[in-house]
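Novice: One structure is given below, represented as structure tokens, and several questions about it will come after.
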Amino acid sequence: MVSLEKNDRVMLARQLPLKSVALILAGGRGTRLKDLTNKRAKPAVHFGGKFRIIDFALSNCLNSGIRRIGVITQYQSHTLVQHIQRGWSLFSEEMNEFVDLLPAQQRMKGENWYRGTADAVTQNLDIIRCYKAEYVVILAGDHIYKQDYSRMLIDHVEKGARCTVACMPVPIKEATAFGVMAVDENDKIIDFVEKPANPPAMPGDASKSLASMGIYVFDADYLYELLAADDKDDASSHDFGKDIIPKITREGMAYAHPFPLSCVQSDPQAEPYWRDVGTLEAYWKANLDLASVTPELDMYDQNWPIRTHMESLPPAKFVQDRSGSHGMTLNSLVSGGCIISGSVVVQSVLFPRVRINSFCNIDSAVLLPEVWVGRSCRLRRCVIDRACIIPEGMVIGENAEEDARRFYRSEEGIVLVTREMLRKLQVKQER
């Protein structure tokens, strides 16, 4: 382990990102989000009033100084590719800066899809080697967080690690969805289990487990050796969490990086913010949290902006309807191009070009772009997918049985409405 002085850290914070390439794994479907990902990959799902989920990983790279990025795509990639081409074409090729889109290469006979997260990188190794990076930062494209990857790179170098895994404590009941690790006093990973049925607790806190965040830093040459060996292993599932990280752990080459050391937040005393918005409830809750008085995630930090594709839209408008009712909103995010006419919107998130007609009550709802809500509707605890037309007088979120019959209703009572669901409902009503 190397002890670094403050000046050395400042210098490395500038140099290490320039020697690195980031690979964002963005091919996942996100089946737990149900119909919300039927026509788009999970990283392309809308979030926070104007963003896509992948914007967080991309913005973290940009703000950390990593300007060489590969985005590995697969499932329903058109929306994702279109978003990146329109919103992330800011890099300078002359300065060797880029965002490369890397689809499945289908280099294996009979294989059309990536066999696992490690195989997604393996299939693109010929391209990745051409980047001539010393370090490879591997990221999930479907998490909401702000992190300075340069700090993680410094930690990787300081510990003399060949592989570094970002980690944070999670409630033990949620740890079954993550890789869970045990570490020694120097943060060396001494045990790693992917998605255990009975997660081991952290020493000193029986209520939590130490979970992998799916964020890795590798020495590039070491990664290439690992992937070459894994590719030849017929018994492998070719996955970082299931195969690669456990193997490195057995070899004593993996170290943990506590997320609080590199988490970017305005309040240093606050809990580090990282969300896997993989379920409908988690997605709904994370969106609505941004509309609270003091959100856990600060989206107004000018020192660490989250970038996205910006459309040229007029400002949001709140108008009085012909009956004299005023358009009002409270504790909500309302994006450009929205019109609220004689209705009340409370604790909700409205994406661009949403139209709320008169006499509506919108409470704790997430309305994706171009949603049109007819007069006299009541929407509560729901997510309305893009371009849905909600008929006049429709009530959503008040009758559990009716919601479950017409739409998708989660166990927690969050209702998802899509255009296809509305179309089927209309067909039934016309019979």
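One-based numbering along the chain as shown.
Here the Cβ of each residue, glycine as well, is placed from N, Cα and C on the backbone.
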Novice: Can you tell which of Ser207, Ser209, Ser212 Swiss-Prot lists as binding alpha-D-glucose 1-phosphate with Tyr114, Gly179, Glu194, Lys195?
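Specialist: Within the candidate list, Swiss-Prot flags Ser212.
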Novice: Taking only the binding-site residues Lys195, Ser212, Glu420, which one has a CA atom nearest to the CA atom of Glu370 (AMP binding site)?
Specialist: Glu420
Novice: Specify the secondary structure state of Leu422 (beta-D-fructose 1,6-bisphosphate binding site) as given by DSSP, simplified to three classes.
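Specialist: Note: Leu422 (beta-D-fructose 1,6-bisphosphate binding site) is helical by DSSP.
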Novice: Other than Arg40, His46, Arg52, Glu370, Arg386, which residues of the same chain sit close to AMP? List them in sequence order, counting a residue when its Cβ is within 8 Å of the Cβ centroid of the site.
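Specialist: So the additional residues around the site are Ala44, Val45, Thr79, Phe351, Leu368, Pro369, Asp385.
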Novice: How big is the Cα-to-Cα gap, in Å, between Glu420 (beta-D-fructose 1,6-bisphosphate binding site) and Arg386 (AMP binding site)?
Specialist: 11
Novice: Between any two of Arg40, His46, Arg52, Glu370, Arg386, the residues recorded as binding AMP, what is the biggest Cα to Cα distance in Å?
Specialist: 16
Novice: Please identify which of Ser212, Gln429 has the densest Cβ environment, defined as other Cβ atoms within 10 Å, among these binding-site residues.
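Specialist: Sorting the candidates by Cβ neighbours within 10 Å, the top entry is Ser212.
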Novice: Looking only at Tyr114, Gly179, Glu194, Lys195, Ser212, which the record lists for alpha-D-glucose 1-phosphate, tell me the maximum pairwise CA distance in angstrom.
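Specialist: Per the listed residues, the maximum Cα distance equals 22 Å.
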